[in-house]
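Below is one structure, written out as structure tokens, with a few remarks after it.
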Amino acid sequence: MKINLDRTSSGFCIGVQGTIHVAEEKLNNPDKLFSLGDVVHNEAEVNRLEHLGLTTIDESGFHELKNAQLLIRAHGEPPSTYRIAEKNNLVITDTTCPVVSRLQRTARLLHELGYQIIIYGKPSHPEVIGINGHCKNSAVIIKHPDLSDPSETGQIDLKRKTALISQTTMDVPGFYELKANIRNLFAADSEEIRNENDHLWMAIRDIDLTASLTGIRDMPRYVYKDTICRQVSSRNQMLHDFAIANSCVIFVAGKKSSNGQVLFGICKAANPCTYFIEDIDEIDDAWLTGSDGRTVESVGICGATSTPMWLLEKVAAHLQRRYNHDPA
């Protein structure tokens with residue numbers, strides 16, 4: 001059986017790499033380091049870092065923490081976190097992903113300009129909670145691009161000027177599907193919008209925000225900014241092709257990983273013989289056996305942006321020992 005390990009489109013994204021690198025450096029120091037929430041949505045990697053000395057705390061633990069070192073993970077945090085940290089005399093090491101930081105700034109400026117903010121994302125995701133905090137927790141969060149959830153659409157004020165942005169790890173097609181459906185929702189409520197073309201929903205850049213804030217020119221009533229991380233979204237096609245190229249696919253990710261669920265779905269759609277695991281003890285021998293009782297010709301091992309490469313290598317080594325009788 002040929003074992004193919006995907007080193008191109010799997011493993012930590014740049015934002016997570018930065019967080020892990022900084023955490024490892026800090027853990028070489030004698031001062032205890034605390035992480036607000038799991039440093040990454042992968043239990044095996046969290047366990048590795050905790051073995052090195054990292055302590056993971058939840059919100060209640062954070063409020064009680066005083067005079068300590070605090071790590072802000074790549075997902076970012078709302079402004080309230082920084083205020084509490086200052087009050088509790090916490091020394092912050094901020095590893096918010098630069099892509100997320102720019103998105104937080106965009107959300108804050110759009111809110112200051114009076115826009116109703118719609119975020120394409122998952123309401124409970126840490127990144128979305130952070131973004132929403134930068135617009136004073138006033139954003140409408142939409143998870144379903146087809147607008148099928150009335151509890152989401154019911155929050156949209158059709159009379160307000162509106163800006164659409166996205167969680168950085170959501171899917172690009174879903175974002176543009178949501179944009180089209182929101183435009184139709186507003187158009188159904190307004191004859192003025194029905195009589196206009198798509199330019200009413202203008203794609204904006206940072207320069208447009210600056211121009212509007214400084215009074216050089218105003219932005220349209222309805223705007224959108226595609227804030228999806230292209231380093232993440234570019235993996236979609238590569239993983240699709242990787243899945244097709246193998247008889248069977250073992251997809252490795254943490255069950256909490258939002259990106260993992262999306263990428264697993266892409267692999268599964270490309271190759272129905274795709275299976276999700278967190279670690280090697282979840283591998284079922286039946287997955288790797290063909291209808292003739294022989295092992296499959298090839299197995300591909302891949303994972304999410306929150307999956308460490310060492311874990312993918314561990315899975316590959318396990319399969320090599322078990323199926324190719326390699327003692328290495």
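Each residue, glycine too, has its Cβ placed from N, Cα and C.
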For the dimethylallyl diphosphate site that Swiss-Prot gives with HIS41, HIS75, SER257, SER258, ASN259, SER306, which of HIS125, HIS134, HIS144 also belongs there?
HIS125
Of the candidates CYS97, CYS135, which does Swiss-Prot annotate as part of the [4Fe-4S] cluster site that also includes CYS13, CYS229?
CYS97
Residues HIS41, HIS75, HIS125, SER257, SER258, ASN259, SER306 [recorded isopentenyl diphosphate binders]: greatest CA to CA distance in Å:
14
Checking the binding-site residues HIS41, HIS125, SER257 against CYS13 ([4Fe-4S] cluster binding site) with a 10 Å Cα-Cα cut-off, in sequence order, leaves none
Which of these recorded positions is closest to HIS41 ((2E)-4-hydroxy-3-methylbut-2-enyl diphosphate binding site) if you go by CA atoms: CYS97, GLU127, CYS229?
GLU127
So which binding-site residues are near CYS97 ([4Fe-4S] cluster binding site), with CA atoms within 10 Å, out of HIS75, HIS125, SER257, ASN259?
HIS75
Other residues near the (2E)-4-hydroxy-3-methylbut-2-enyl diphosphate site, CB within 8 A of the CB centroid of HIS41, HIS75, HIS125, THR168, SER257, SER258, ASN259, SER306?
PRO126, GLU127, THR169, LYS256, GLY260, ALA304, THR305
Reduced DSSP assignment, SER257 ((2E)-4-hydroxy-3-methylbut-2-enyl diphosphate binding site):
coil
